[in-house]
Amino acid sequence: MQIVQGVKGVIVGATAGEGHLMSWDEHIMLIRHTVDRFGASLKVIGNTGSNSTAEAMEATEKGFAVGMHASLHINPYYGKTSTRGLLAHFNSVLPMGPMIIYNVPARTGQDIPPSVIQTLATSPNFVGIKECIGNDRVRQYAEEGITVWCGMDDQCHDGRWDFGAMGSMSVASNLIPGLMLELVTGKKSPSLNEKVLRLVEWLFHEPNPIGVNTALAQLGVVRPVFRLPYVPLPLSKRLEFVGLVKDIGRKHFVGNGEVQVLDDDDFILVGKH
């Protein structure tokens, strides 16, 4: 569905894909499956980053061995390190192949400073950065000739057209790939952005990926199974989503069936697996 609507690449096992809840065996298997099935039609980026350098190195080596086109790396979270430590961490995996850095301080508790990105950008394996700290940082990188994607759905329209972002690495694109593509590759469209922002606000009512996984289940695209600690959005928000789909247009969403509300009992919550 993503390919048909023009998406250029997918990130496998990132936050929206519950990568942190998968074992590394599951993770690498899913990257391999995606490459085998769809790698000829779009870029497959494997989220092989970790707060452990040793794990990141092993996962990245295996990811490239099974054919991923590039790796996505977050900075070490919770157990934060120094600026020199960040460079040592990223440089441990950078020689293995094309790499995209993911900066999301709201989740990691630490900003990756521009000095780190500027140093890494001298390597031919550095592809660019998914930036979530704001469009001022996006503009700085764009002006420096560093490829930058906006990582915040509520900022991607302005980030693309006013601040120089290459495009977007998007959560909402899991649901409305064609509209998100139009938002960042068509032309500046405040009216389309306003339409999309209503969905984005709904998606992030709770931490990602709670909203997107609830929505995909309601659309019949995935089974209504949540790995704990994630649980689906409450009934009131599921009812609200049905209205959003109607207002935006069912044709813009992935899946073919009618959007469902789903009862609480329809969801399966999995602890140990």
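Heads up, the Cβ atoms here are built off N, Cα and C, so glycines get one too.
As recorded in TrEMBL, the features of this protein are as follows:
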ACT_SITE  Y102  active site, proton donor/acceptor
ACT_SITE  K130  active site, schiff-base intermediate with substrate
BINDING   M169  pyruvate binding site
Counting across all protein chains, other CB atoms within 10 angstroms of the CB of M169 (pyruvate binding site) number 27
Whole-Å Cα distance, the residue listed as 'pyruvate binding site' to Y102 (active site, proton donor/acceptor), is 10
Quick note, K130 (active site, schiff-base intermediate with substrate): same-chain residues at least 6 apart with CB under 8 Å of its CB -> L72, I100, I101, Y102, N103, V104, V148, W149, C150, G151, M169
